[in-house]
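One structure below.
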Amino acid sequence: MQQPMVEFKNVIKKYDDNQILKGIDMALEKGKFYTLLGPSGCGKTTILRIIAGFTNASSGDVLFEGKRMNDLPANKRQVNTVFQDYALFPHLNVFDNVAFGLNLRKVKKSDVEKKVIEALKLVRLGGYEHREISELSGGQQQRVAIARALANEPKVLLLDEPLSALDMKLRKAMQYELRDLQQRLGITFLFVTHDQEEALAMSDEIFVMNEGNVLQSGTPVDIYDEPINHFVADFIGESNILPGKMVADYQVEIVGKVFECADAGMKPNEAVEIVLRPEDLDIVAVNQGQLVVTVDTQLFRGDYYEITAYDDDRNRWLIHSTNPAKDGQQVGLFFEPEDVHVMRFGESEEDFDARLESYEEED
């Protein structure tokens with residue numbers, strides 16, 4: 001494994017008696033797109049501020065390319081930040097906004113012009129040098145803010161919820177732009193968001209956070225398909241989460257029935273939680289279903305119907321189907337063993353990863 005670009009070792013951050021970060025361990029490699037994902041107040045922006053040098057860790061080590069940088073001033077770090085509100089100067093034109101950091105560093109005028117033009121070309125705003133900020137759309141203003149950060153040639157770009165102020169269509173377009181930009185530049189991006197769709201769409205790796213802890217890290221596919229606990233399963237996409245009991249390896253009891261699953265290595269009769277994603281549930285005839293449910297409501301979402309149904313024990317089931325159903329209709333539900341994800345209570349990420357690796361070795 002290559003040396004991490006940024007590394008946290010047991011980083012704790014306190015404000016008086018309030019512990020914001022509770023022993024964070026994480027590593028960011030060169031040239032990858034990382035996302036800190038979690039609800040408001042979970043500590044994700046605090047991590048960004050510590051990396052940028054805007055605040056200090058209360059304890060623990062923050063390393064940059066293997067060197068401790070806890071006490072390194074913000075202006076000495078090869079890091080730049082794009083803020084949620086872009087922090088552009090309305091009285092300066094595009095060129096002067098992008099050049100602002102370079103001028104503070106007293107970069108030669110000829111080099112400033114070259115770096116500004118290159119940065120604007122990177123974000124596809126070549127020729128916009130003399131535009132006023134007020135003449136730009138929200139997406140263009142965001143790209144100016146990114147160009148200003150890139151003009152300083154950082155090794156790590158920090159992005160603090162930069163898409164949150166944009167409308168949905170523009171936000172999705174900017175997801176493509178940011179991902180493409182990161183791949184073209186080959187530098188490390190660390191993106192902060194509470195929007196799981198943004199995280200899944202753009203990231204090489206996601207850190208899911210809650211209450212000052214990193215609960216799970218991994219690729220978007222790994223975290224979506226194999227959530228470690230109830231919080232992650234519920235926060236990453238929509239889920240049916242039900243109590244269950246392991247009967248034996250590859251067999252689990254849900255709603256009083258035994259189903260095949262892809263999980264093993266647990267104690268017989270161990271209490272667990274089960275995740276079934278709505279898109280993995282197929283509506284079939286009642287006599288072909290593994291479960292029978294009664295349709296309660298449905299909403300048309302454009303490319304699928306979101307159907308809410310209940311079984312005889314009043315367990316709620318969320319189903320995503322391309323075919324509509326009728327309110328009050330009884331239908332069967334069918335799913336494959338690999339669609340059943342079993343979560344253990346209190347399992348550490350290390351033990352969880354080891355369990356998943358053991359399945360792969362068996363295959």
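Quick reminder: no glycine exception, Cβ is built from N, Cα and C everywhere.
Note that the coordinates shown come from a computational prediction; the quantities given were computed from them, not determined experimentally.
These come from Swiss-Prot:
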BINDING   Gly38, Pro39, Ser40, Gly41, Cys42, Gly43, Lys44, Thr45  ATP binding site
DOMAIN    6-236  domain 'ABC transporter'
(request) Starting from each candidate's C-beta and looking 10 angstroms out, tell me which of the binding-site residues Gly38, Gly43 has the most other C-beta atoms. (result) Gly38
(request) List the same-chain residues at least 6 positions away in sequence whose Cβ sits under 8 Å from the Cβ of Pro39 (ATP binding site), in sequence order, or say none. (result) His194, Asn210, Phe235
(message) Let me spell it out: for each of the binding-site residues (Ser40, Thr45), count the other Cβ atoms within 10 Å of that residue's Cβ, using every protein chain shown. Which one has the most?
(response) Thr45
(request) Mind giving me a neighbour count for Lys44 (ATP binding site)? Other Cβ atoms within 10 Å of its Cβ, every protein chain shown. (result) 27
(request) Give the sequence-ordered set of same-chain residues, not counting Gly38, Pro39, Ser40, Gly41, Cys42, Gly43, Lys44, Thr45, with Cβ within 8 Å of the centre of the Cβ atoms defining the ATP site. (result) His194, Met209, Asn210
